[in-house]
Amino acid sequence: MTRTGDAVTILPQPDFTATFPGPFPTSPHGERTERQLLGWLEEYPLLPSARARSVLVNITSHGVSRTLPTADADDLVLFAELLLWLTAFDDMHGESNAARDLVALVDRTAELTLVLAGGSPPPLTNPFPAALYDLLARFRARTGPAAYLRLAASLRDTIMALVWEAHHVAEPERVALETYLEMRPHTVFVRTIFAAAEIVLDYELTDAQRALAPVRHLETAVANLAGWINDLASYEREAARGPAQPLSLPTLLRARHGGSLEEAFARAGGMCENEAAVARQGITSLAGDPPSALTAHARALEDIARSFVWHTSHARYQGPKRGAAPTSR
């Protein structure tokens, strides 16, 4: 909701009851994952405050339990640590922090690029490169060369997208809507989630399967849905920071089409519902085949989409009057 004086406006939200109704499957390893994440943050102190650690560990452990509910306990922890690392890096070095000191973000990005290129172990005094080095070594041991390289490439894309986002976050009106729609799947981490899911769930598409139009269309629909849902859920929190409007779908739709914020939310919500219908159709089509890597991929994408729908109800994404942590991804 938004406030104008004493008036309260409820912003319209998309309805997913026909496409991704809850309750969603949940891993039995959520509590163990939460404990492991807290211990991992002791080894790699990525966040400065106990509150920030608590909020991020909570949403990450509960979120991954819905993202990959069939993963085994150790693989779920590995996936959770990767997602926590990405989110913590964005919270600490991306978005508004980066807009104030873009040079520092570029320097941090250079450090991570060296790690992704297979450089020497970074010192533990620099927790983000050190933690990334640890994660990459464990993923490399877990999978084959092709899957590992896809994961590393997706991480590079995500990190570079965060630099792009930081460059534009203070003046979102300068960003073309089409460019934003192409970049958003990278800044919301969903392409990295796709790559990690194949490793964690122990399946791998062939190049021919990956090139199939139904697979590409389904991946695009889920990737779009993830970013757009997140934009609607986090808009109020980001707008409360001011003075610029958030670099997000409602802002750019309003710039393109005019009208009120409520109209922009309604338009974005319609886009979400349409993309959810495309995703559901693709999942139903692929998952109905005999068990194979394609059916495993369809089920994985279904759970990933469900997890983004679930995330919107977490305190991290609630408005400022409801006590959310000052983060937005």
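Just so you know, glycine gets a Cβ as well, placed from its N, Cα and C.
Annotated range for motif 'NXXXSXXXE motif' in Swiss-Prot, selecting from 167-175, 230-238, 257-265: 230-238.
Swiss-Prot lists motif 'DDXXXE motif' at one of the ranges 24-29, 90-95, 288-293, namely 90-95.
ASN230 (Mg(2+) 3 binding site) sits 10 Å from ARG184 (substrate binding site), taking the C-alpha atoms as the reference points. Within 10 Å of ASP90 (Mg(2+) 1 binding site), counting C-alpha to C-alpha distances, fall none of the binding-site residues ARG184, SER234, GLU238.
For the recorded site, ARG237 (substrate binding site), the DSSP three-state label reads helix. When DSSP labels each residue, the motif 'DDXXXE motif' (90-95) comes out as 5 helix, 0 strand, 1 coil, counted as helix, strand and coil in that order.
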